[in-house]
Amino acid sequence: MVHLTGEEKAAVTGLWGKVNVEEVGGEALGRLLVVYPWTQRFFDSFGDLSNAGAVMGNAKVKAHGKKVLNSFGEGLKNLDNLKGTFAKLSELHCDKLHVDPENFRLLGNVLVVVLARHFGKDFTPPVQAAFQKLAQGVATALAHKYH
């Protein structure tokens with residue numbers, strides 16, 4: 001569960017309604033793979049990830065980024081039950097994929113950077129703080145199976 005004030009919920013949901021999930025998702029996952037290259041080991045089947053241009057232009061990265069952001073959006077609809085919302089994904093990433101749960105936090109931080117880039121002055125410090133809190137809540141929910 002993530003505790004957002006009424007103002008924070010309004011800020012997050014208001015901005016989320018303007019997010020191009022395909023564009024932002026692809027960029028966020030792409031940046032994760034470029035900035036933290038060790039995360040690429042989970043995406044061997046994605047083809048060429050040899051440099052930033054290849055990663056950012058990779059159709060599979062973009063498609064998976066969209067999928068990731070759609071899941072994040074589901075979390076927004078279920079703020080009071082993030083652990084339940086992400087239980088199956090947590091189990092998959094822990095038991096089958098063996099993803100380091102720290103990667104969830106890194107992706108959340110990258111998502112905040114990408115949102116700031118896309119929304120500029122509308123991504124005020126209070127909006128950033130609310131998204132950072134939400135990203136941490138989602139990362140914690142995804143890491144739940146690991147505990």
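Along the chain as shown, the residues are counted starting at 1.
Cβ from N, Cα, C; glycine included.
The N-acetylvaline annotation in Swiss-Prot covers V2. Look at Swiss-Prot and you will find 3-147 tagged as domain 'Globin', backed by sequence analysis. The N6-succinyllysine feature in Swiss-Prot is assigned to K18, K60. Here Swiss-Prot flags S45 as phosphoserine. Among the features that Swiss-Prot reports, heme b binding site is placed at H64, H93. Feature annotation from Swiss-Prot assigns asymmetric dimethylarginine to R105; the stated evidence is similarity to another entry. The phosphothreonine annotation in Swiss-Prot covers T124.
Shown here: features listed in Swiss-Prot, placed on the structure.
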| residue | record | DSSP (3 states) |
| --- | --- | --- |
| V2 | N-acetylvaline | coil |
| K18 | N6-succinyllysine | coil |
| S45 | phosphoserine | helix |
| K60 | N6-succinyllysine | helix |
| R105 | asymmetric dimethylarginine | helix |
| T124 | phosphothreonine | coil |
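Counted over every protein chain shown, other Cβ atoms within 10 Å are most numerous around T124 among the modified residues S45, T124. All chains included, 17 other C-beta atoms sit within 10 angstroms of the C-beta of H64 (heme b binding site). Annotated pair K60 (N6-succinyllysine) and the residue listed as 'N-acetylvaline', C-alpha to C-alpha distance, rounded: 31 Å.
Using Cα positions, the member of the recorded positions V2, S45, H64, R105, T124 nearest to K18 (N6-succinyllysine) is identified as T124. When the modified residues K18, K60, R105 are compared by the number of other C-beta atoms lying within 10 angstroms of their own C-beta, K18 comes out lowest. Recorded residues H64 (heme b binding site) and the residue listed as 'phosphoserine' have their alpha carbons 12 Å apart, per Cα-Cα distance.
Of all the modified residues in the record (V2, R105, T124), the one with the smallest CA separation from S45 (phosphoserine) is R105. A gap of 14 Å separates the Cα atoms of the residue listed as 'asymmetric dimethylarginine' and V2 (N-acetylvaline).
T124 (phosphothreonine) and V2 (N-acetylvaline) are 20 Å apart (CA-CA, integer value). Counting every protein chain shown, the Cβ of the residue listed as 'N-acetylvaline' has 19 other Cβ atoms within 10 Å. Per-residue pLDDT, averaged across the domain 'Globin' (3-147), gives 87.
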